[in-house]
Amino acid sequence: MFNIILFVIIIDVIIALNRDVNTFSNYHEIQIQKLHIEWLLDLNQKIINGTAEYNFNVIKNNIKEIHLDIYQLNIIIVYDYATGTVFQHVIENMGEQSLKQGDRLKIYLPKSYNNGDQVKLRIKYGVTDKARALSFMTKEQTESKVLPYLYSYCQDNNCRSMIPLQDTPSIKQYFSALVLVKDPRIKVYMTGNLLEGQPFKRMNTYSESLTEYHISLDIKIPSYLLAIVAGNLEQRKVGNQQTSRSYVITEPTSIDRVAQELEFLQEYVDALSNYIGPYAWGDYKIVILPPSFPLGGMEHPLLTFASPTIIVGDKSGVGTAIHEIAHSWVGNTVTCSDWANMWINEGFCTFLERKILEQYNGEDYSKMYSFLANDTMFQQMARYGMDHSYSSLHPNTTGENPDDSQSEVPYNKGYQLLVYIEQLIGKDNFQKMLQQYIIQFKWQSIDEDIFYRYLLSWISTNLGKDHASIKEIKTIYKEWVYVPGKPPRQLDFHTDAYDKAMALAKAWLDNKGDKVPDNAEEYRNYIYYQKQQFLNEIASKYADMTDKNYKLIDQTYQLSDQKDSRLLYRWLIGCLRGKFYDRMEVIKNFMGTHGARSWLVNMYETLFKDKPEVAREWFAEFRDFYHPSVVDALENGIFKNSIRKIVQ
């Protein structure tokens, strides 16, 4: 009770501050209205020569400085491109924050500016492979082995490592780009539309012949949604060739397989539109990236990124695609104002994803998915500590890289809050409320309190001031958001499908590997999330497993040979926990060919406990394959103070 009272007391203080703690910019005084970049890519040397052009709107009086976020950028010059006047600048080193969140670029303006004024300037700068948003890959690291490759990942606050900007979801800006490459075979895609012709004039003079890509987005977006992918790429329309506006992009060696797996993309866009409202972004495009991509997916407008692990062969991985499409409404259209409010993006998106999955696969599928995600969330809460703010829907990321707070909590604790509200006001009413929510806050960045006030207002206006749900929402909402640990109301996601998976796991655990259980063949007919639950239970009960058991289960289901990376991970993490090392080559190969951050952190953490030298050796071997954000998580987590002598 004391914790609840304490959190309620500080809620008003947090709301009053209403400022993103993970930016060093002065966005509350002056704000980027439009950003245009010119990049010369050198994928072989792993560098980018960049020039950024800014239009700022001043929103306070007597503004004499502009503060931008940067991370490991080489700032060359800041100048007024109309007059050529050079602006003085300094890079303010943020001490211990420098490698966590970067530094502050402080630009001194030649005069004071007041509310309503505009400031225009350019910054010339250089980007290297120190940029933790960027993954430069040699051609040997790609599937087609033809050209070097580049892709970005900016969420949460990594965009500052490739562009100086106000790196906060509170600020949305128009975006355009002119990207130049030396090799005409390299195809480039960025957040936005690829334009015909050459509408943008070069800001710099180059001696060599270059291929140009002109990109523009006429809808404002926050920095974390900026993205680039460049390499040996092919784009193909999927679905009805006359009516579809959906495309897949990947290396030519995979395009047929990817296009077949994602042939119903337009159907998913339409299904979400039917539930939540019109799709506002024009085309929908998804890029299947190399396996080092550290997430399942990332929702950049007109350029969703996804891991190749979703290409399974049976379309069971399309939930990730549906989740990222759903971000077109919740995240990209209505956006969280800071990373303490990430559930405003992810909780809503998870709700929409499971609505559509239920339409396609039935209630058992959606419930099993929710049950498993809930279980994973509780495990992560236990790791943080049930009283830690990262176990709440409002994590305190002051002085921390907000990437470190990423977990299932904003997805599933947020999802459960929305499901509970839906139960209180009814499915039809909840759908209407969400549709109006998107309209009312379109293109805005908001926090949990804005949604809370909107929700109560909507119910009062449409269902009546005395509607029973109002009292309950006022009772539980702030506690659900701010108090760490389990939600104040527990939802039931139990199904018969869950019972069957648990019964099969128990049968295997009970027989200690002496024989194959009578009900063993059930597994082959399970839906995906039943298989996942079975493997999760085996992995969690590793203390009751024997080597004989591991061997017989593997022989029966050929688990070490399966193609679905999501299930293979759950089998292999169980083997590591149970110290079943007969499959060490499979485990090593998996860790050297998959880049998912959460998987790698768990696997290295488990391996390090029993075989620290092996963990160090494998990390040193695979380090160049991993995305910089994964390297950062491992070096500053599991391997802190112990890995440097190996990788230096």
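Cβ coordinates are placed from backbone N, Cα and C, and glycine is handled just like the others.
So that you can see what the record holds, here are the features copied from TrEMBL:
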SIGNAL    1-16  signal peptide
BINDING   His323, His327, Glu346  Zn(2+) binding site
ACT_SITE  Glu324  active site, proton acceptor
ACT_SITE  Tyr411  active site, proton donor
DOMAIN    496-638  domain 'Peptidase M1 leukotriene A4 hydrolase/aminopeptidase C-terminal'
Set of same-chain residues at least 6 away whose C-beta sits under 8 angstroms from His323 (Zn(2+) binding site): Gly296, Gly297, Cys349, Thr350, Glu353
Additional residues around Zn(2+), ordered along the sequence, whose Cβ is within 8 Å of the centroid of His323, His327, Glu346: Gly297, Glu299, Glu324, Ala326, Val330, Gly331, Asn345, Phe348, Cys349, Thr350, Leu352, Glu353, Tyr411
Cβ atoms near Glu324 (active site, proton acceptor) (within 10 Å, other residues, all chains): 26
Glu324, His327, Glu346 filtered to the recorded positions whose C-alpha is within 10 Å of the residue listed as 'active site, proton donor': Glu346
Confidence summary (mean pLDDT) of the domain 'Peptidase M1 leukotriene A4 hydrolase/aminopeptidase C-terminal' (496-638): 94
Pairwise CA distance, Glu346 (Zn(2+) binding site) versus Glu324 (active site, proton acceptor), rounded so that it is a whole Å: 10
Count of other CB atoms lying within 10 Å of the CB belonging to His327 (Zn(2+) binding site): 24
DSSP-derived helix, strand and coil totals, residue by residue, for the domain 'Peptidase M1 leukotriene A4 hydrolase/aminopeptidase C-terminal' (496-638): 111 helix, 0 strand, 32 coil
Other CB atoms within 10 A, centred on Glu346 (Zn(2+) binding site): 24
